[in-house]
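Here is what TrEMBL records for this protein:
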type	residues	note
DOMAIN	140-554	domain 'Amino acid transporter transmembrane'
TRANSMEM	171-193	transmembrane segment
TRANSMEM	229-248	transmembrane segment
TRANSMEM	268-285	transmembrane segment
TRANSMEM	292-312	transmembrane segment
TRANSMEM	381-401	transmembrane segment
TRANSMEM	427-447	transmembrane segment
TRANSMEM	468-489	transmembrane segment
TRANSMEM	495-516	transmembrane segment
TRANSMEM	528-554	transmembrane segment
Amino acid sequence: MAGVEDQVSSLPNSLPITPRTVNTAPMFHHDDQFGSLPITPRTASVAQTPSILSLPITPRTARTPSIVSLPPSQFHSPSLSRSPLLLTGDHAANKPVKTPRSRGLTPRFITPLGSPLRKALKMTRLDPQDAWLPITESRNGNAFYAAFHTLCSGIGIQALVLPVAFTILGWAWGIIGLTVAFVWQLYTLYLMVQLHENHETGLRYSRYLQLACATFGENLGKLSSAFPLGYLSAGTCCALIIIGGSTAKLLYETLCGATCSNPKPLTVVEWYLVFTCVAVVLAQLPNLNSIAGISLIGALTAVGYCTALWTVSVAEGRLPNVSYEPVRKGSQVNKIFDLLNAFGIIAFAFRGHNLILEIQATMPSSEKHPSRVPMWRGVQFAYLLIAMCLFPLAIGGYWAYGHLIPANGSVLTALFAFHSQDVSRSVLALISIFVIINAVSSFQLYGMPMFDDMESAYTTRCKKACPWWLRSIFRAIFGFICFFIAVALPFLGSFTGLIGGIALPITFAHPCFMWLKVKKPKKYSLSWWVNWGLGLLGMGLSVILIAAGLYVVIDTGVKISFFNPQ
């Protein structure tokens, strides 16, 4: 014992005495994912060592583990956040690893769609300007609002001229053309509803021109769509002033009759002005969602006057000496162009695609609740009612009046021309009131894209929302410009067939090409053939109908009367 104590006392004082470890565990290395991360073995306490002094003590130098830096992406991996390997050493010292937050938190009212491609780390792009514009300012719409807007824009003054097309086409071709146009339009309408939300980019195309430019390119999109869209909005508003003002004058004469004591009744221009003032006052409502109630009233009155017109016309019976032979005069070329012009009138009756994306833009949308579902539900209901109005109106009006319908008139003018003495004054007044209310309501709906364009120019330049007083000035200026055009060009109704050919691609052709460009269906598949066929057919018909409309206008002549509305 003395020899051992002497050996211990002879050790240098600078070397610390450390106990040897018991059952030293081997070092494990995980080179597959983390590099060399040593796991420190557990040490035994001093109490577990029976006899330290009885063993020769040799100092042992521990190997310093290498420092390994992990890729940043691995620290954010959900699986690694639960790994015990990250909870050793410094990682466990009051630094708990946080699980990454879910990214699917986009509110339903925000403009871009919550796309499934967020899982691939593709973020959606926000457009703050949408919150300043009247179309996208409010996004709390629903299927009912969509049905109101679609029904109000789908039935209108264009439906009243359908029997005029039947006088040229006859029974067979008239019904065939009307049915084909209705089914064709409903199909392209379905394509537009589906194309509103782009899952690849995460964007919502809230306006027709935006989708056209994104699909065809900036220059081609504006060239092919800007003018037809402008006419379908501003031109329709001008036509509504003409129809609304003329019907208001007719209503006054119906109610007043021969006993009118006013020596100086209002002229047609003055009635135009009255209608415009009412429309401008209602146009002060801020956004598209705020006029949902007006669209409901417009939709109900549209269904009301369409039903009343064909019901009263059929109840009064066919006119004496009525004929259903197609009215085609002149040479063979004239007959062909008259036939094509009639198809243009039917095409003009089925417009309204320039408002579909705008209507859908008023709805909330998210990954779980895309706007296309309630939108398509509202569209289906609206077009069921549209079919119940347009087909009886066209067929019943043609049955009642035949070839006697005025060439530049409508069922309304025919009713007042042939049955003003047979039908009670209250019924005629009610129909006139329905037409006026529908015209005022439709003015708000068709004018909204123009209001949006004007305010978009301001917000783009000034980088802020348009103040209320400037918004009111914009809308008043637009309304009175339309009034000026209606007074200066009261013969716009004579160009119905021509305008139908110009606006035809917006409804029948462009949606098919957009579907091919965006969805890229398999080559030679059914969808590929259908959309290529309908798109090319629509463009061909557009060119032919424009030529036919110009020929008919030049051949038959149009009574040009600037600033002289009748």
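Even glycines carry a Cβ here, placed using N, Cα and C.
Just so you know, TrEMBL annotations are computer predictions that nobody has curated.
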Of the listed stretches 229-248, 292-312, 381-401, 468-489, 528-554, which one has the most C-beta pairs under 8 A with the transmembrane segment (427-447)? 292-312
Going along the chain, which residues at least six beyond the ends of the transmembrane segment (171-193) come within the CB cut-off of under 8 Å? 162, 165, 324, 339, 342-343, 346-347, 349-350, 353, 356-357, 360, 372, 375-376, 379, 383, 387, 390-391, 394-395, 398, 507-508, 511-512, 514-515, 531, 534
So, do the transmembrane segment (495-516) and the transmembrane segment (229-248) meet, by the test of 3 or more Cβ pairs under 8 Å (sequence gap 6 or more)? yes
The transmembrane segment (292-312) touching the transmembrane segment (229-248) per 3+ Cβ pairs under 8 Å rule: no
